[in-house]
């Protein structure tokens, strides 16, 4: 309804009622106007009716929704199922063009606008979360691993002689396979144990650079968010090393947006040294379905280069999901979620510490990890060789998801490389342990239930062990014992 239609409506319904309806619509349109003017996440979240009005307005700008449109090409936004069309708000053309995921589509002005606005709003959120100097970003419809691969493939053109990627070890398959898929050889740098924490071995990184030669190294691939007792890499020092040797630096910030500490490390690393791009997951940080990531950096031209490396058009679903979510939450709503996550991290640490003490275990001291916690399982290991892995199964069957139980001595071969002590980020971590994390969206009830069920599982294992010991046959006394010798 435009102004002219409202005037015509006054002939049918009382003018005062129509004016009231017109004012109501203008309040929706004013929110949309502010978004278009500023390109930032609104401070307060929008209602669903405003968001749906906006998405419908975008959809009618795409050619597949033109009245009387005659399409004779191979890609005309045709959809067989009306359910599928509604699921996507009839935004069918996706984003980008064959040569650039960020390019505008002539046939899809609405979808193109959606893409540009999403990237702009997400950039605003990255700044709000702590990386104030980030210059550019874009949403890519791939999860973190493939998005890292895209960054490595882009660097290949800048460093044609490079064969290696230096990678401080983190036991997570996708980031390792991202390097293999891009055609490079990962150079694994083992972490050093400092107290309970596994930290970056800076001297080993320097030695590898000297040994291999800077020209043969594509980049340094570091990590922020990770499972305790590993902690975020020493990003400032690594960024300095990269600047000194003129080696690119790609950061895997998978679920680090929700952590002010992880974002501060990236900001500081870029300030004092070199960080070329940092990659983060959409689902882990913004509570949307799996399938999207954000590639961001401090050099606009390099981020554009990465976006142009993506071959073909792309799905708009991840962009649509994160835009709807951020418009629903608003900047204040997202900040509230981040604040609540921090509070619940403290609660989780307190509850796990109490539980560990009650069962003769301890909460590992990992102050540099702002998201993940670890509790020792030495006592559980002492019960039997299989007790640690059994605990993991018991938790899973009792609907405790996300808790990871890490036994000692596990080996895993990935693309020809064998990791000893896999899942513990170390060849020989001193004890088995259990992981739990306070990630965005967690509720206090999750902590209460997890600790309660974990307590029951530990008691059940102890009881089972005691029964097994009491029922085991006692060996008959030897002749020497019988004679009193």
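All residue numbers here begin at 1 and follow the chain in the order shown.
Including glycine, each Cβ sits where the backbone N, Cα and C put it.
Copied from TrEMBL, the annotated features are:
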type: BINDING; residues: 75; note: pyridoxal 5'-phosphate binding site
type: BINDING; residues: 97, 98, 105, 313; note: substrate binding site
type: BINDING; residues: 271, 398, 463; note: tRNA binding site
type: MOD_RES; residues: 284; note: N6-(pyridoxal phosphate)lysine
type: REGION; residues: 464-485; note: region 'Disordered'
Completion exercise
With neighbours defined as other CB atoms within 10 A, the best-packed of the recorded positions 97, 284, 398, 463 is 284
Fill in the blank from the handout: Counting only residues outside 97, 98, 105, 313 in the same chain, those with C-beta within 8 angstroms of the substrate site's C-beta centroid are 94, 95, 96, 99, 100, 103, 312
Completion exercise
Quick tally, other C-beta within 10 angstroms, 75, 271, 313; top of the binding-site residues is 313
Practice task
Report the same-chain neighbours of residue 105 (substrate binding site): residues 6+ apart in sequence with Cβ closer than 8 Å to its Cβ, ordered by sequence.
Solution key: 93, 95, 96, 97, 111, 112, 313
Practice task
Could you round the CA separation between the residue listed as 'N6-(pyridoxal phosphate)lysine' and residue 271 (tRNA binding site) to a whole angstrom and send it over?
Solution key: 26
Fill in the blank from the handout: One should report the C-alpha separation between residue 98 (substrate binding site) and residue 398 (tRNA binding site), rounded to whole angstrom, as 48
Handout entry: Separation of alpha carbons, residue 75 (pyridoxal 5'-phosphate binding site) and residue 271 (tRNA binding site) (Å)
Key = 45
Exercise for the section: Ten-angstrom check, please: count other Cβ atoms within 10 Å of the Cβ of residue 98 (substrate binding site), all chains counted. Expected result: 9
Fill in the blank from the handout: Record-listed tRNA binders 271, 398, 463 have a maximum CA to CA distance, in Å, of 55
